[in-house]
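Colleague: Quick one: the structure is below, questions incoming.
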Amino acid sequence: MDMKMTFSGLVLVVLVTTVVGSSVRRGENSDNLTHCRLFEFRLCLLECMSLTLDHCYARCTTVITQIHGSDTNRFDCTIFKTCYYRCYVLGKTEDHCWKGTATSVTGDVGDLEFC
């Protein structure tokens, strides 16, 4: 089994076993986070990066879109994912990036200047 298939299988298991609509922390922009499936994107990204695979942002965007539908790839969702990913690859802690994205990113294009 190649690494790509293994990753896809692992992500599917993680996403299917995750309680859909998991509670989000108080103060988060929960409607957009739920709609964009940012929680699931986060889990996928962490799994992908732990396996040191390439192109994790693109891989996880594709996986989430396939599982939850094309609405998860709308413009506002792309902004959430981009801000979270930028923070994480800058070496910030995962918890810091999650809290920051969840509490301050609204999905507006202006968010990209500050995330």
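Each residue, glycine too, has its Cβ placed from N, Cα and C.
As listed in Swiss-Prot for this protein:
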BINDING   Glu40, His68  Zn(2+) binding site
DISULFID  Cys36-Cys77  disulfide bond
DISULFID  Cys44-Cys60  disulfide bond
DISULFID  Cys48-Cys56  disulfide bond
DISULFID  Cys83-Cys115  disulfide bond
DISULFID  Cys87-Cys97  disulfide bond
SIGNAL    1-21  signal peptide
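If you look at the structure here, what lies around each of the features I listed?
Modeller: In the shown protein chains, 22 other C-beta atoms lie within 10 A of the C-beta of Glu40 (Zn(2+) binding site).
For Cys77 (disulfide bond), other Cβ atoms within 10 Å of its Cβ number 23.
Cys48 (disulfide bond) carries a helical DSSP state (H, G or I).
Annotation note: Cys115 (disulfide bond) sits in a coil segment as assigned by DSSP. Of all the Cβ atoms in the protein chains shown, 18 others lie within 10 Å of the Cβ of Cys115 (disulfide bond).
The Cβ of Cys87 (disulfide bond) has 20 neighbouring Cβ atoms from other residues within 10 Å, across all protein chains displayed.
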Colleague: From the disulfide-bonded residues Cys48, Cys97, Cys115, pick the residue whose C-alpha lies nearest to the C-alpha of Glu40 (Zn(2+) binding site).
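Modeller: Of all the candidates listed, Cys48 is nearest in space.
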Colleague: In terms of Cα spacing, which of the recorded positions Cys36, His68, Cys77 are within 10 angstroms of Cys87 (disulfide bond)?
Modeller: none
Colleague: State the Cα to Cα distance, in Å, between Cys115 (disulfide bond) and Cys97 (disulfide bond), rounded to an integer.
Modeller: 9
Colleague: Tell me the Cβ contacts of Cys36 (disulfide bond) under 8 Å, same chain only and six or more apart in sequence, or just say none.
Modeller: Thr72, Arg74, Asp76, Cys77, Phe80, Lys81, Gly107
